[in-house]
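Participant: Shown below is the structure under consideration.
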Amino acid sequence: MTLKEEFATRNFSIYGQWLGILSMILCFALGIANLFTFRVLIIILSAVCLASSFVILFIEVPLLLRICPTSSKFDDAIRKITTNYMRAAAYAVMAVVQWLTLLSAATSLLAAAVFLSFTCICYLLAGHQGPGLCRQQDPGRRRRRADDCMSGRARLPWA
């Protein structure tokens, strides 16, 4: 299935996954870029943005929990974020934190806030749309048919 065909399925869970990957890249790049400023609030929020990129990495690629040596508390916290609604809540919290950069100044961290907000909306729509989370094995490659994701027959790969 091509990328165009995947976007034509109107499966918001896959949209959320793609936007999550883009959000992770943006959070990493903008977190580093905004560390070098003289505003204390911006430095703190850019460090949070940088940390958010690694949290997003573990949320979107759960296989890393088995590969990377992390604490059991961190593993348990990430494993709780398995449903579309929980992912939407996690992305909403990260988006609100980045929207707080407006308290100090308008910086490029707002781009991360916008993408995190869009990701939150996609996961909310996916939760409202139907049964459970449908994921890809890796971007551009199908794990199962899109019909399985929409009908509830799909299982989480780590379940």
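Every residue gets a Cβ built from N, Cα and C, even glycine.
So Swiss-Prot has the following annotated:
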| type | residues | note |
| --- | --- | --- |
| CARBOHYD | Asn11 | N-linked glycosylation site |
| TRANSMEM | 18-38 | transmembrane segment |
| TRANSMEM | 40-60 | transmembrane segment |
| TRANSMEM | 84-101 | transmembrane segment |
| TRANSMEM | 105-125 | transmembrane segment |
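A description of the local structural setting of each listed feature is requested, covering burial, neighbours and distances.
Facilitator: In the three-state DSSP scheme, Asn11 (N-linked glycosylation site) is classed as coil.
Same-chain residues lying 6 or more positions outside the transmembrane segment (84-101) and placing a CB less than 8 Å from one of its CB atoms are 13, 16, 20, 23, 27, 41-42, 45, 48-49, 52, 55-56, 59, 107, 109-110, 112-113, 116-117, 119-121, 123-124, 126-127, 132-133.
Same-chain residues lying 6+ beyond the ends of the transmembrane segment (105-125) with a Cβ under 8 Å from its Cβ atoms: 12-13, 15-16, 19-20, 22-23, 26-27, 30-31, 33-34, 37, 39, 42, 45-46, 49, 52, 84-85, 87-88, 91-92, 94-95, 98-99.
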Participant: Please give me the CB contact count at 10 A for Asn11 (N-linked glycosylation site), counting all chains in the structure.
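Facilitator: A 10 Å sphere around the Cβ of Asn11 (N-linked glycosylation site) contains 20 other Cβ atoms.
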